[in-house]
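Participant: Once you've had a glance at the structure underneath, I'll fire off some questions.
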Amino acid sequence: MSDAAPETDAPAAAPATDAPDVPPEAWSGVHRGPLREGEWVRLTDQKGRRHNFCLEAGKRFFSNRGHLDHDDLIGREEGFTIPSSAGGEYLVFRPLLSEFVVSMPRGAAVVYPKDSAQIVALADIYPGARVVEAGVGSGALTCSLLRAVGPYGTVTSYERREEFADVARRNVHQFFGAPEGGSHPSWTLRLGDLAEELPRRGEGADRVILDMLAPWECVDAVADVLSPGGIVCVYVATTTQLSRVVETLRAHGGFTEPQAWESLVRDWHVEGLAVRPGHKMIGHTAFLVTSRRMAPGQRPPVKKRRPAPGAYGPDYSGPRPGDLPPGIELEGTDL
Ligand SMILES: C[S@@+](CC[C@H](N)C(=O)[O-])C[C@H]1O[C@@H](n2cnc3c(N)ncnc32)[C@H](O)[C@@H]1O
């Protein structure tokens, strides 16, 4: 990774070979062998409460079930139980990516694992892809993107707030186990506004992922760098953002009809005859929108279906689609 400065080099096109002491599989973020100092571990108690911390020789972990020494964990193969000083018992593993991102230090709100999984699948992130994302926030989605593109792909992350870029850099380095002064070979982190930086750099992209307050401001810049057939995927928290970004993509004319959806995930309690949905559920995280870039000068087919009554009536003040069936006049009408 380059530094979080606007003048960094283009992302690496091939895996770095000069990162000392880091085996190639480390770039998956999966670490094998005995637990080492500097690695994160995840302890789960008998009530299912979880504690995540970084292993440091000579340190102690304290909880309401007493304490245990980090030295008693370091050097052991993960996947064991260990007693605490007050008779508690803890299960010890390295955190999975989905566990790491919800417990790591945060600057901005993170993309939750259920949504990262959807983004990777529905934005079709593949090994070798050139992915651009903004903003990097805390780096949660970045970890999933880096895993999906692998060592021959590239992820270029734009972030306009330096303090968030710093948090993201630390989190991504921690997850992938980057050596001191090194980074994931496929990652470039750039400080700046995507809408300004993308046109300035002129680098192409196969996929662009936007997780920010005003993604519609970036649609023109994204259209300029995205290759024909490429996918833009937008993650927004509110219905007003959802509407505006979908209408902006439609009005642009160089993208396919945007698809919008959300995912709801519910845990199940399965115990003997007591098999029922869990009581708690994360009701809403965000909406996702995907759309594909048309080839230069090409537009998607004119829609045959009329908009829903009132969709673009007098109360609607957002961007208006330009592909209405012939004879339908939208401005100021109450269709
Ligand atoms: C919700 S956070 C992103 C979280 C991130 N995807 C993650 O999973 O950790 C939104 C971030 O976008 C950044 N941002 C907003 N607009 C931006 C723009 N036009 N260019 C670059 N970064 C932007 C904000 O500073 C903020 O850090």
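Here the Cβ of each residue, glycine as well, is placed from N, Cα and C on the backbone.
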Participant: In TrEMBL, the S-adenosyl-L-methionine site includes SER138, GLY139, ALA140, LEU141, ASP193, ASP211. Which of GLU159, GLU162, GLU180 does it also list there?
Facilitator: GLU159
Participant: Of 1-31, 63-93, 249-279, which span is tagged region 'Disordered' by TrEMBL?
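Facilitator: Matching range for region 'Disordered': 1-31.
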Participant: Cβ distance under 8 Å to GLY139 (S-adenosyl-L-methionine binding site), same chain, sequence separation 6 or more: which residues?
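Facilitator: In sequence order, MET104, SER157, VAL167, ALA168, ARG169, ASN171, VAL172, PHE175 meet the Cβ cut-off.
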Participant: Reduce the DSSP letter at ASP193 (S-adenosyl-L-methionine binding site) to three states and note it down.
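Facilitator: Reduced to three states, the DSSP call for ASP193 (S-adenosyl-L-methionine binding site) is coil.
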Participant: Other Cβ atoms within 10 Å is the metric here; tell me which of the binding-site residues GLU159, ASP193 scores highest.
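Facilitator: That would be GLU159, with the highest Cβ count within 10 Å.
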Participant: If you run the three-state DSSP split on SER138 (S-adenosyl-L-methionine binding site), which class comes out?
Facilitator: coil
